[in-house]
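Worksheet: one structure, shown below.
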Amino acid sequence: MGPGKRSGTARHGGWRARRRTRSTRHGTRATRHGTRATRHTIWSRDFGLFFAARAVAKLGDTMLPVALAAGLLEHGHGAGAVGLAMAATTVCFAGLVIFGGVFADRFSTRLLMIGADAVRLVTQALAAVFFFTGHVVLWQICLIGAVNGAAAALFQPGVASTVPRLAADVQKANGAIRVAESTASLAGPAVAGVLVGLASPGAVFAAHAGTYALSALCLVLLRLPPALPGSLPDSEGFRADLVQGWREFRARTWLWGVIAIFGVLMITTSGPTVPLVATLVVQEHGSGAYGLVNSALGAGTVVGGLIALRLRPRRMLRAGSLALFGYCAFPTAVGARLGVPLMALGAAVAGAGISFWGVMWATSVQTQVPPDVLNRIHAYDVAGSLALLPVGQALAGPAASAFGAERVLITGGVMAGVVCLVLLSVPAIRGLVRVEPAYGGLPAGAAGAAGAAGAAGATGVMGATDTTGATGGPAATTPPRPASARPGSR
């Protein structure tokens, strides 16, 4: 860890110096007393295109599980087949996303994302043909899922580095994207249900393919500003890039500390919450009540994103950890059998806390980590987040059989509070100070001048990660809905 940390410090000293420099030209200012919010709006043609790409992608992703479940069951396959098809995507994504991070740092992230969307456009169109014609073979559906997971592993890392290049105010940009994705998550399953009812599961797969086409079109029209001098990696080979990414990740205590702590949350709270909440609520109150609870959760995530658009805490991870205490309310309310209204209220509070944390975490990573390793570090975040979530889900059944589902959920609520306390007890996490990028949101062609200006008055800065709303730990705290598979999907 020593050598890696020293080389990271020396290597990025100039970048950190430029980031500390006051940049009035781009509307940001960092001082030892805090940071003034940018006066510039986050909205520009290029950020609007990226925003649209993320929103339509999330809409499609949350439609898919409904179609997959309905389609496979309609053709004689059981719940195990649905789980297998979903697992094919998750396993390939989790296993390959670290390598995707290396590719994203070595090549054009925009072209990688366009290519990933193009691949998934083809695979989902092929799946639509299978379901329309009735030729549904499980291994073929699983293979399509695996290819989609591999494509997502190429797509996802680039998301982290794109936001700070497009928006001068990274926090507001993340907040806006979070609100859009949360709204799409509410609409997606409902739209899929209507399409299945009026047409067939094949229509949902066709619509999902269409969302990839729209996302790819937005990315084709997108123009990223050129990278700042010194922000491109000095490539020494694929393996060397992979090792350097690990060293940079390991050198930041606040970064690996959060992901390690969230591993406990994944096993004890997030993993068990999804299947056990579904079981208890549906058995006692019916599927309509479960839909209401999940809608409340989604509404809470929208509210949390809106709050993140307004509040600008100087110590973002401390503020996010305090908000995350709200997560305790959801599993505790269900485990205590408080009734549907209070369960829905607990879900809404949890959703708001999770969403606010997600924006604080994503912004910290995007503004604290050097640009030339950001994609790799984001990939380590996503992979670390995904690793333990399935473990928690797998242990939920045996734990419920041994101790009772209610006790497991209440324990999960308590452990969520413990996780928040541990986050706040680590100085490197609670003391991480906000940093504003001096290069975000530049029009194409202006970044070179900005880099030169930043280097001219240079003297120092710091490091962070996320997954937009698609993946594990810090990035995947939101309990997936019955019809929505999470982490790093896009």
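Glycine too: its Cβ is placed from the backbone N, Cα and C atoms.
A quick note: this is a predicted structure, and the numbers were derived from the prediction, not measured.
Looking at 112-133, 200-221, 288-309, 442-463, the stretch flagged in TrEMBL as transmembrane segment turns out to be 288-309. Matching 17-36, 377-396 against TrEMBL, the residues noted as transmembrane segment span 377-396. Segment contact holds for the transmembrane segment (49-73) and the transmembrane segment (176-199), given three or more CB pairs below 8 angstroms at sequence separation of 6 or more. Counting Cβ pairs under 8 Å to the transmembrane segment (288-309), the stretch among 79-104, 176-199, 254-282, 342-365, 377-396 with the most such contacts is 342-365. Only sequence-distant pairs (6 or more apart) were considered; of these, fewer than three Cβ pairs between the transmembrane segment (377-396) and the transmembrane segment (176-199) are under 8 A, so the stretches are not in contact. Ranked by Cβ pairs under 8 Å to the transmembrane segment (176-199), the stretches 254-282, 316-336, 342-365, 408-429 are led by 342-365. Tertiary neighbourhood of the transmembrane segment (408-429): same-chain residues 253-254, 257-258, 261-262, 264-265, 268-269, 272-273, 276-277, 280, 317-318, 321-322, 324-325, 327-332, 334-336, 396, 399-400, selected by CB-CB distance under 8 Å and a gap of 6+ residues from either end.
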